[in-house]
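Copied over from Swiss-Prot:
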BINDING   124, 199  Ca(2+) 1 binding site
BINDING   158, 190, 192, 194  Ca(2+) 2 binding site
BINDING   285, 329, 378, 427  Ca(2+) 4 binding site
CARBOHYD  120  N-linked glycosylation site
MOD_RES   274  phosphothreonine
MOD_RES   360  phosphotyrosine
REPEAT    275-324  repeat 'Hemopexin 1'
REPEAT    325-371  repeat 'Hemopexin 2'
REPEAT    374-422  repeat 'Hemopexin 3'
REPEAT    423-466  repeat 'Hemopexin 4'
SIGNAL    1-19  signal peptide
């Protein structure tokens, strides 16, 4: 198999990407990354033909478009910064558009009772932790299907699990730390169903490095016949993220049940769904500014827009802050200290950039002086010019002085009295350019705190440049 000549690929790079303040060495590395990524995951046939240098055509461009469409990126056929960012993420080694084909059609196990064997163990974890991680991964799939799984200690099992490194004689060598973490084969005889984990990775049972339970649950989905999902919230999404609780999204459940049917449980499990930025029914749990940007939070996810990138960025909260819980209920930025404070229940966390500050979480009672009757905060914002922070709880609000570190006297007050027209409850709020933006359900109210008037009423997701709401 031949490679595209490096000079031609660099010419391709110069034509299809915008100017980067990067060294020639960096560009060469990125060109090599693009070629290898598309060959491995998008079946790019590297036959040595010249890449078109002046038109958006040719095999590399078409495969780039295919990859960008799969990951929900802006489809340009150009190796832009967002595309390279995705390519550099650790991920599963199974291709996105061509499975490890062993049999024609849609492979599945004919029997519902399957066996598995762990052939060897990683030294990164105690054996009991490895056993537990793999067992829990199988349970995720058995909970939603008629499938059952039994661990055996010797002989040939339906699904053989091993920790290997480099070239391990399956025509899909591992690449060292990072990059390709693991892979598994679709159901079938011999190597079919087997799962291999790269021993050059550091496997853990927490959010650090690579969580074995999380990766195993994904790979076993392949062992059962699933391919990759384009849903970023699905366990079968190809890139690795750890979002705290490892669970099947509804997309995963729908996929596996399409192959094996529903479980025999009287109550059918339901998985979380990934929010869609332009869903007219979209609501938010919390919103805050952070260093000039606005971040929107929903369940396990954050959403944000970037003036340099028109697409809405959607990802797990844990990508930025792995120590924060999912389902945040309120957030606000205190710019004077470059802090953002996140609330859930009666606890809150303070972060600077991507770092959760030492000593958190703390409780809202000793820190802010809330009465014990307050069980959680619905929404919060802080006025940068006054140091006053507003906390909205049910139909009332408190005002806190950040500099005196105490509640202002005379509070709580009624929301409806001091913020006429926005209703009795606030789901989320933030301040930008001197205006308060209140959110309740699918509605957003732009409020002028000086005149105490609502200026505009829009859909909650109006910040996302959706064509239709």
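Just so you know, glycine gets a Cβ as well, placed from its N, Cα and C.
For residue 378 (Ca(2+) 4 binding site), the number of other Cβ atoms no farther than 10 Å from its own Cβ, over all displayed protein chains, is 23. Spatially, by CA atoms, the recorded positions 120, 124, 158, 194, 274 include one closest to residue 378 (Ca(2+) 4 binding site), and that is 274.
Residue 274 (phosphothreonine) and residue 427 (Ca(2+) 4 binding site) are 19 Å apart (CA-CA, integer value). Within 8 Å of the Cβ centroid of the Ca(2+) 4 site, not counting the listed residues 285, 329, 378, 427, the chain contributes 284, 286, 328, 330, 377, 379, 426, 428.
Shown in sequence order, 159, 160, 185, 187, 188, 189, 191, 193 are the same-chain residues outside 158, 190, 192, 194 whose Cβ sits within 8 Å of the Cβ centre of the Ca(2+) 2 site. Around residue 199 (Ca(2+) 1 binding site), the same-chain residues at least 6 positions away in sequence with a Cβ under 8 Å from its Cβ are 122, 163, 164, 165. Distance noted between the C-alpha atoms of the residue listed as 'phosphothreonine' and residue 285 (Ca(2+) 4 binding site) is 14 Å. In this model, the repeat 'Hemopexin 1' (275-324) carries an average pLDDT of 91.
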